[in-house]
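Here is the structure we will look at.
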Amino acid sequence: MAMLPPPGPQSFVHFTKQSLALIEQRIAERKSKEPKEEKKDDDEEAPKPSSDLEAGKQLPFIYGDIPPGMVSEPLEDLDPYYADKKTFIVLNKGKTIFRFNATPALYMLSPFSPLRRISIKILVHSLFSMLIMCTILTNCIFMTMNNPPDWTKNVEYTFTGIYTFESLVKILARGFCVGEFTFLRDPWNWLDFVVIVFAYLTEFVNLGNVSALRTFRVLRALKTISVIPGLKTIVGALIQSVKKLSDVMILTVFCLSVFALIGLQLFMGNLKHKCFRNSLENNETLESIMNTLESEEDFRKYFYYLEGSKDALLCGFSTDSGQCPEGYTCVKIGRNPDYGYTSFDTFSWAFLALFRLMTQDYWENLYQQTLRAAGKTYMIFFVVVIFLGSFYLINLILAVVAMAYEEQNQANIEEAKQKELEFQQMLDRLKKEQEEAEAIAAAAAEYTSIRRSRIMGLSESSSETSKLSSKSAKERRNRRKKKNQKKLSSGEEKGDAEKLSKSESEDSIRRKSFHLGVEGHRRAHEKRLSTPNQSPLSIRGSLFSARRSSRTSLFSFKGRGRDIGSETEFADDEHSIFGDNESRRGSLFVPHRPQERRSSNISQASRSPPMLPVNGKMHSAVDCNGVVSLVDGRSALMLPNGQLLPEVIIDKATSDDSGTTNQIHKKRRCSSYLLSEDMLNDPNLRQRAMSRASILTNTVEELEESRQKCPPWWYRFAHKFLIWNCSPYWIKFKKCIYFIVMDPFVDLAITICIVLNTLFMAMEHHPMTEEFKNVLAIGNLVFTGIFAAEMVLKLIAMDPYEYFQVGWNIFDSLIVTLSLVELFLADVEGLSVLRSFRLLRVFKLAKSWPTLNMLIKIIGNSVGALGNLTLVLAIIVFIFAVVGMQLFGKSYKECVCKINDDCTLPRWHMNDFFHSFLIVFRVLCGEWIETMWDCMEVAGQAMCLIVYMMVMVIGNLVVLNLFLALLLSSFSSDNLTAIEEDPDANNLQIAVTRIKKGINYVKQTLREFILKAFSKKPKISREIRQAEDLNTKKENYISNHTLAEMSKGHNFLKEKDKISGFGSSVDKHLMEDSDGQSFIHNPSLTVTVPIAPGESDLENMNAEELSSDSDSEYSKVRLNRSSSSECSTVDNPLPGEGEEAEAEPMNSDEPEACFTDGCVWRFSCCQVNIESGKGKIWWNIRKTCYKIVEHSWFESFIVLMILLSSGALAFEDIYIERKKTIKIILEYADKIFTYIFILEMLLKWIAYGYKTYFTNAWCWLDFLIVDVSLVTLVANTLGYSDLGPIKSLRTLRALRPLRALSRFEGMRVVVNALIGAIPSIMNVLLVCLIFWLIFSIMGVNLFAGKFYECINTTDGSRFPASQVPNRSECFALMNVSQNVRWKNLKVNFDNVGLGYLSLLQVATFKGWTIIMYAAVDSVNVDKQPKYEYSLYMYIYFVVFIIFGSFFTLNLFIGVIIDNFNQQKKKLGGQDIFMTEEQKKYYNAMKKLGSKKPQKPIPRPGNKIQGCIFDLVTNQAFDISIMVLICLNMVTMMVEKEGQSQHMTEVLYWINVVFIILFTGECVLKLISLRHYYFTVGWNIFDFVVVIISIVGMFLADLIETYFVSPTLFRVIRLARIGRILRLVKGAKGIRTLLFALMMSLPALFNIGLLLFLVMFIYAIFGMSNFAYVKKEDGINDMFNFETFGNSMICLFQITTSAGWDGLLAPILNSKPPDCDPKKVHPGSSVEGDCGNPSVGIFYFVSYIIISFLVVVNMYIAVILENFSVATEESTEPLSEDDFEMFYEVWEKFDPDATQFIEFSKLSDFAAALDPPLLIAKPNKVQLIAMDLPMVSGDRIHCLDILFAFTKRVLGESGEMDSLRSQMEERFMSANPSKVSYEPITTTLKRKQEDVSATVIQRAYRRYRLRQNVKNISSIYIKDGDRDDDLLNKKDMAFDNVNENSSPEKTDATSSTTSPPSYDSVTKPDKEKYEQDRTEKEDKGKDSKESKK
């Protein structure tokens, strides 16, 4: 805000012809100046338009109201930037700014022509945009009609007319395209233009396919974006993120192309293999049959089809591929599956298949088809693609979108902060001016009245003054006083003003961001503000007038859950500390009102930043009251004649009328100026001063009123009717009720009721008995009654005014009202949905459950921020839905027989808008491939592919990832750890604490009673007793020191269980904010804080609160240790107590004690004397065992045994019975393993002792697993092996591999990270379950018992409802026929448990369509379903997917990533303690240290070799090779299945040419580079590829002849793809992304190992439980749990949650007729093929949660983390490449790699580098100033140069020195040769020596000259005077010479940098070397000087 415009109408000036002439004059002036100024640098900041006055924004507050005659009229531009540009502005009633070009529109209409003026008036009118908006919406509604009636044609014309009118108005008002702000200069208008042009084209010109052109009308929907302001920014963010995605997109396309080529080579033509019938009729051949096949029936006649499948069964020729059933053979014939669209036959289809794999859509189908056709070994291909392609690339897209959003967000926050600051400054300036003006007015009035009374003897001052002060101002003042009194008298104690203070306009982002404070300016100003001995409390000003304190700044600066009142209670005026937290949060302290505990109204007001004057000058003056007044450089008022109005003394302290505000004084100035008499004598000036005061007052009033939430009458009404204080009795009654209702126990009771009510609702199921139904109904009545009573009582206790100010209460009242309404309307048909509202009660739990609260907040915040994004998404969905309907609707209708046998529309079609919308929504969910096949079949491939890909990329990848990015950004680690609890939420904790205390008290009394009764002396140690005393003390005050001192005295942490709550939660009164450090800065300050009586403060004390300086040592131990591990927070001994003891076992070779101290103390027999006798022998045995166990070989042996025993489990598959020998070997092996593990356990017991063994979690794991083996061993020996329990125990052996966890470091790290994350994962899991519970109960209400249907069991089809309307009819049919069945869906909503399972299938989008179809077809309980009868049930699923799936599942990602980062912080050691600055240096040095100068490959001496060398090392050669690689790639893409012989030959020869070319390259390089060729990695890679290509070419025939496996041949052909990978070398962006992947690899390998372990265990479980289930759905002859390999194949598929519904379905068959419990399996003793539903559900759900949600998300977390690191690396000022470049240039200057270059070459070297290291010539002075060390021969070491150059880039820094020594040690180790050299001098010293030498020489010359002159002068003595002059002149000339040489010198000495120290030389040597060096230097100087 450079200029504060004068408030009121002065700012606005009509735009007239004079204005235009003035502008033209300014332009002419500017042009005349321009030629002179052209030389100015472009870097200088050009003036920019003001962001507040941009077109389209609201006019800033400060300009006040627009004078009546100026609305919608052309005005002069307010923005100074446009002063010399031909523009003018127009303001409409809503104060929106419109900017127009002042040149004639269309070359005809000047700004003053009536037509243009009318157009402008229409354009700026708010109704005009409303009209357009309504037109667009109506038009959209018409667009959704699929068969519009004829009359809509006319409506269409109307729309076109309106749009044309709109464009005409715009063109007339703005001009067409010449000049700024004209019609076509706004890109959004291009859209309108195109739409209108197309509308007319389609009308008047016949363009053929009209429907395609009509789809262009859809773009009109995009116009909504240009009309709604917030949307433009989101679209901006989207476009930004798409730009940022370019690199990732290129990488994705590149990777997919490579994978597609691999797929093409491996699986070309494989998917055409089918099972063909053997028995052909007479003389039929395959060819003849293929020619006759036409319809589906013909195909089914000859090929083998599975029931319900559309495609023939695939098979393969290799042993591990799918086999055909008997009577069929495998042939390659016919088309590919899925209408022929799924194949690897050409590059394009292979690319589509890979894209589908990457997006993981229905990929299990592709996986199964491919493995069936090619063989199971190719699973490896899928593993690589899923892990690299899918997980990595998709998440990179997420990472990029998230970063783009984050950057955009940061920018917005910064801008908003700036605005708030500017606004605040303006307000403060206005206030100050207002005060000054008022003071002047008062003084003037007083002066007038005194003069009058002198003259007339009468006092008429009052009337005179009232004339002067305007009436409105007076009214305002009165109103203000009234309001203040009213406000302060009303019950503000509850902090309700907080509710009023948030201004309506603030949005959540701003609110979140502002408490960050405006760091930079503030710190500086606060230092200036508070004088040393003065409390900041006294910085007062009108800023804190009472009126302001209740409603404040535009955006309230809310500190995190803390209010100032509590802070200022302990700040006493003299010594309060201005804590760092406050300066960080940026609020000024405010005096606290004594009658309020929590003065939240002040807390709101005070969060405004300090006033920063516009001109940057701030003077603070302390007046006689010690009040700091801020005097701003230009705050004084300007008078018309340019005089400053001085400040005024106001004699009496002006306090507000209201008594309660007497602490908040107005600013008084005691040291001010008096008004000059002549000034007051001037009546004009006086009048001016007073009116000025009133104007200012009005402006400030208006500003503040504009920020009120509600109009004033509302407050009057509220006070009258919503506060009930009728009579004293009523008030007493009210207090009683208040006391009861607000009691923590009542809260607890209500919470228990909520839980019970939820349970009651969750108990509904189908079928239910009548009694049960009645119980539930009565329960509902009771709970409704309880909640209604609670609401009524609270209303009485709090008054409606108070009650409705609390969010939770509003929520409660809504739910209670709805429940009551539902009770009355229970019997009305169709209103059963109201029952679902009861479910919202579950959310009341959030009040007392912080995580749920946080989740709701996160969703709330996101929805706030997502509002605009959701709108954009909705617009996109709408547009694509309409496009789909317009383009493909007809085709679906006409060609429906192609995709459906009975020629009816399928469920997913685009014939009408709703179905079209559903398809687009399904694509957004990531399911696009199946609907796309249908679309391609009916409407042609090209259009469908384009539309689907656009929806997929725009909708799914970009917008949905932006959703996720928003979610992740609302997750900051604070949210999870320090959940801000609302004080009321603690009521529950208080209640629980009371109960605990009661129980403890009862226990203690009982214990004491028993002890007394048995008259034993209690053996409770003193410490324990003291700790208990401490715990039960009921003192109300505790000082922050005494606690720590008591803790030191009593060692109360010894009693671990007592204080387990220590450090768990923060007491609400003790500290209001966890980051506050209010006493830490002042150790002597002791603060006493009231604590609620009877509440123990120990359990609420936070560890951080103890860390005040006085007890820092104790607290350090406490804090450091508590963060180290999750499990051991309590047993932290105090310093000096257990430290040594703990450290011992680490170092000693001796075992620890066997038993715990408690055992030894109780049972003296455990005490053994180890000095003598048996004890000594025992001790020696223990020591021997200890040595054995600790030996590394022992550990390796055990690991081997674990691996072998785990491996043995993998053999126990379905075929074990047939392999007798293996079975016997395994049985013996199992016994041996068991014995070995028992032995290991015993050894460890003896070696470590029970205490150590059983306090280690990993040992417990070992112990339990060994127990299982032991029990099964004993059972087998006793012959009980067939018992049920023993069998189930045997399956637990699958856990054996878990023992490997603790043995592998990598996996242990991951597991520890996971274990650390478990609490928060469980928390989120619970919250998700609660969230889903609501949907599950709703599902039960909607669908329970409605999924039954009557089916024909022969083909599984459903009888039409017209034939079989209900259950009874179906049963009648069943009696007649065997093939009829009344069957329920396996996964349904019959109870809450099954509801959860159904929701999980919907949320993972697996098997969800079947559930959805059943729901949409459902009619009623026991009724036969009808096709799409309840069509709008789709909406239930859409809503669930948005909230249940997008939000909650992504929340998991959020939690895991968050946790991951927190853990990293905990373990991250050094990184956290480095500043950003240090990190920069550290990273640069890290890179720098890893490099060293290499000798360039020498150019060979031989002439021919030399020429080849020049050719090969030329950049053009590299580029041409890259081009060849690309061409090679293209030729490989051309290859396809079934190509002609001719084409095959052409491609073969092309390939031969490429092989020759690449071989040629290889040979040329070998000739020229000789043995150096193999020193470069890429060359080796090329060499290998060339060799394999040649071998492959020659061996192709051999392989085909002898080894008939085409697979091997194919794999060899893949080698050619290796050449493509060389492209990566060239692209920097891609390299960054791959660098991120390389950085992730170690971590990803660990996670992969863990995933493999989980899969291994689950595979063994699966084999033992589900090996024999019936083969249907997803389980068949290849994909099953019969063998270990098959189980792994299935589990890999479910890792991405793909197809788990199909694998679960057969396991849910539990009884006939679904399965046969008596079925015999040949070769096995197992009977039946039924599954176990509960085990199956647990198995799959747990596996999905562990693998899909946890492990896979950790994978994502690692990638996101490393991506941000990699991008940081690439944006750092110095990257790897810069150092590489340095060394590349170095090689040219130092061909022998001596690591030195001569000083003379340095200048050229510095100029030869690329930026940022480049130092362009002239660079001599800069280089000398670097003070580089030189060795003999004036040579400088490369690292010294690099170090100095690096420092120059990164900037001088104090932290540099601390790191320097470390760095150099690293360089020394990397470059040993550096150690040996000793610098003699430095460049700076050398220069100084040179300069000294020239100075000495010149002095000597001057001296000689003088001598000569003297001699001459003595001869010519007569002309002495003249000679003297001459001499002086000469002297001066010499002095000048001398001075001229000095700038170099001063310039050189100005650098104070010292040369680097070389720490690897040991200190004494170093000192000696320093000494030698100085001596040498001195000698050198002496000798030089003597020479001279």
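Cβ coordinates come from backbone N, Cα and C, glycine included.
Look at Swiss-Prot and you will find 126-145 (among others) tagged as transmembrane segment.
Among the features that Swiss-Prot reports, transmembrane segment is placed at 151-172 (among others).
For 211-227 (among others), the entry in Swiss-Prot reads transmembrane segment.
Annotation source Swiss-Prot lists disulfide bond at C275-C324 (among others). For C275 (disulfide bond), the Cβ neighbour count at a 10 Å cut-off comes to 22, with all displayed protein chains included. Classification of C275 (disulfide bond) by DSSP places it within a strand.
Residues 252, 256-257, 259-261, 263-264, 267, 341, 382, 385-386, 389-390, 393-394, 926-930, 952, 956, 1532-1536, 1696, 1698 of the same chain lie 6 or more positions beyond the ends of the intramembrane segment (347-363) yet place their CB under 8 Å from a CB of it. Positions annotated as intramembrane segment by Swiss-Prot, on the basis of a large-scale study or a structure entry: 347-363 (among others).
Sequence annotations record features per position, and here Swiss-Prot assigns topological domain 'Extracellular' to 364-376 (among others) based on a curator's inference. Per-residue confidence over the topological domain 'Extracellular' (364-376) averages out at a pLDDT of 94.
Residues annotated as topological domain 'Cytoplasmic' in Swiss-Prot: 403-745 (among others).
Annotation source Swiss-Prot lists compositional bias 'Low complexity' at 461-471 (among others).
The repeat 'II' annotation in Swiss-Prot covers 726-989.
Residues annotated as topological domain 'Extracellular' in Swiss-Prot, with a curator's inference given as evidence: 763-771 (among others). Residue counts for the topological domain 'Extracellular' (763-771) under DSSP (helix as H, G, I; strand as E, B; rest coil) come to 2 helix, 0 strand, 7 coil.
Look at Swiss-Prot and you will find 797-805 (among others) tagged as topological domain 'Cytoplasmic', backed by a curator's inference.
What Swiss-Prot lists as transmembrane segment is 832-848 (among others).
For the transmembrane segment (866-888), same-chain residues at least 6 beyond its ends with a Cβ under 8 Å from one of its own Cβ atoms are 140, 143-144, 146, 211-212, 214-215, 218-219, 221-222, 224-225, 228, 230-231, 233-235, 238, 910-913, 916-917, 919-921, 924, 935, 938-939, 943-944, 947, 950-951, 954-955, 959, 962-963, 966. Residues or ranges marked as transmembrane segment in Swiss-Prot (evidence: a large-scale study or a structure entry): 866-888 (among others).
Per Swiss-Prot, topological domain 'Extracellular' is recorded for 889-915 (among others). Secondary structure of the topological domain 'Extracellular' (889-915) per DSSP (helix as H, G, I; strand as E, B; remaining residues coil): 13 helix, 0 strand, 14 coil.
The C-beta environment of C903 (disulfide bond), restricted to residues of the same chain at least 6 apart in sequence and closer than 8 Å, consists of V896, C897. Positions annotated as disulfide bond by Swiss-Prot, on the basis of experimental evidence: C897-C903 (among others).
Here Swiss-Prot flags 916-928 (among others) as intramembrane segment, drawing on a large-scale study or a structure entry. Through the fold, the intramembrane segment (916-928) approaches residues 359-362, 873, 877-878, 880-882, 884-885, 889, 908-910, 948, 951-952, 955-956, 959-960, 1405, 1434, 1438, 1441, 1445 of its own chain, all at least 6 residues removed from its boundaries and within a Cβ separation under 8 Å.
For the pair C1730 (disulfide bond) and C1350 (disulfide bond), the C-alpha distance works out to 23 angstrom. For the topological domain 'Cytoplasmic' (797-805), DSSP puts the residue distribution at 7 helix, 0 strand, 2 coil. Long-range contacts of the transmembrane segment (211-227) within its own chain (CB-CB distance under 8 A, at least 6 residues past either end) are made by residues 129, 132-133, 136-137, 139-140, 143, 163, 188, 191-192, 194-195, 198-199, 201-202, 235, 872, 875, 878-879, 882-883, 886-887, 890. Remote same-chain partners of the topological domain 'Extracellular' (889-915), defined as residues 6 or more beyond its termini with a Cβ less than 8 Å from a stretch Cβ, comprise 144-146, 211, 296, 881-882, 922, 930-931, 934-935, 937-940, 1409, 1413, 1428, 1431.
Contacts of C1350 (disulfide bond) defined by a Cβ separation under 8 A and a same-chain sequence distance of 6+ are given as R1358, F1359, V1364, R1367, E1369, C1370, L1373, V1380, R1381, W1382, K1383, Q1424, in order along the sequence.
Within 10 Å of its Cβ, the residue among the disulfide-bonded residues C935, C1715 with the fewest other Cβ atoms is C1715. The shortest Cα-Cα distance between C944 (disulfide bond) and any of the disulfide-bonded residues C275, C324, C1715 is the one to C275. According to DSSP, C944 (disulfide bond) is assigned to a helical segment. Between the CA atoms of C1715 (disulfide bond) and C275 (disulfide bond) there is a gap of 27 Å. In this structure, C897 is the one among the disulfide-bonded residues C324, C897, C944, C1370 with the smallest number of other Cβ atoms inside 10 Å of its Cβ. With a cut-off of 8 Å between Cβ atoms, the residues of this chain six or more beyond the topological domain 'Extracellular' (1279-1287) that come close are 1271-1272. Under the three-state DSSP scheme, C1350 (disulfide bond) falls in the strand class. Secondary structure at C1370 (disulfide bond), taken from DSSP and collapsed to helix, strand or coil, is helix. Only residues 6 or more beyond the boundaries of the topological domain 'Cytoplasmic' (1568-1576), in the same chain, are considered here, and those with a CB under 8 A from a CB of the stretch are 1497, 1500, 1505, 1508-1509, 1511-1513, 1583.
The Cβ neighbour count for C1730 (disulfide bond), using a 10 Å radius and every protein chain shown, is 22. Per DSSP, the secondary structure of the topological domain 'Cytoplasmic' (1568-1576) breaks down as 8 helix, 0 strand, 1 coil. Same-chain neighbours of the topological domain 'Extracellular' (1213-1224): 1663, 1667-1668, 1682-1684, 1721, 1723-1725, counting only residues six or more beyond its ends whose CB sits under 8 Å from a CB of the stretch.
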